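S.K.: If you scroll down you'll find the structure; I have some questions about it.
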């Protein structure tokens, strides 16, 4: 190989080896510097002693809360589970150094169990450890400033009011403070007035409306010292879409099905069947959604009140339907209609409810036609009476020879004289008398049947009026009862 080409190939290779060797030496130097730094910082360090130069001075701890997830809200056990990051910032004078002595190293990550930490705990913790585990590392700056941000999952106790479930709001708090150090030893300062929600994952059931923090100085009965705590209040609102679609709307439909019971005619025989079917469907529905409703005896939730209202609604409709059917099938042989029933249910309420019987309308039309025709026939009344008398005399003389004429002419006189009077005061053959008696029996029987049918129709009409009354009553109760129940959360918010 040519010497010049060999030299050109060797120069880049030697440069790469030189760069790698320099980097290795630099890394080795940095590792040695960091090792010297750790040895210098922790060789005589005691993590159990408060990092203050003067014993009377407090350690100022800056505290901030960041929430990443609202995991669960247990209404029955009154527990709120959250995933949090707790940021602690304080200064430890014993860990200060000059970065120039250690190759410019300004930040080091140190195990949290090797340094002193403020014993900040969650006062209202319900399940698990009250204190944060020190398995994460802390960031140590050259001037002794320590930033420690451990993650934690807390299950905090939260008194809950589910009166307006599922349109309820809850106010849950997290109270942090030192468990053993009073304000003279540790002074907590809050960073900002709000919870950091930059890394928050939205919850499918709850929405955080507001999350504010406050500092409190409290003197407890057990001790004379004043203790400092920082309390974060989470004002959360339940998203009611799931319960509205799967709980409230089906109950609303069941309520309106109950209203339709009173629109169903009594003659169809399906009124009680429809009522029982609605009641059974509501019962099955309640068994399905029992686990969805918070099981508590402290208060009755709003949706529980609505379900109870619907159950009473359906049960009452069954009772009223049985009563209406009892009235519908009454007859003159079993019941006598009182006068007040006729006045109220046959005259007064139908006018109020804008109901009108077809027979009454026909009677009105006939009476109008009669009044119009009475004026035309008044002038011919005397002539007709004279003609009837003459015809009567002729029939008495020749009643045997003109039997056919007797039948045709007496049709007009049946409305003026009874058949009984005719049979007693007129001499007829036995055959004619039998015919008259039979006709009289048939007429009386038909009259009795017509009277019975009129009374039965009156009872049926009374039942129809009662149905119409309760139809409007149940519509009003259903609309205003439903609106009144679900307007309560809006009124409570205002």
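Quick reminder: no glycine exception, Cβ is built from N, Cα and C everywhere.
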S.K.: Which range is it, out of 177-195, 196-214, 215-233, 272-290, that shows up in Swiss-Prot as transmembrane segment?
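M.R.: So the range that Swiss-Prot calls transmembrane segment is 272-290.
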S.K.: Given 130-151, 152-173, 306-327, which one carries Swiss-Prot's transmembrane segment label?
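M.R.: Transmembrane segment, as annotated by Swiss-Prot, spans 306-327.
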S.K.: Under the topology that Swiss-Prot records, do residue 129 and residue 444 share one side of the membrane?
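M.R.: No - Swiss-Prot names a different topological domain for residue 129 than for residue 444.
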S.K.: To which residue among 54, 450 does Swiss-Prot attach the annotation N-linked glycosylation site?
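M.R.: Annotation hit in Swiss-Prot: 54.
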S.K.: Between 364-390, 391-417, 418-444, which stretch does Swiss-Prot give the note region 'Disordered'?
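M.R.: Going through 364-390, 391-417, 418-444 one by one, Swiss-Prot gives region 'Disordered' for 364-390.
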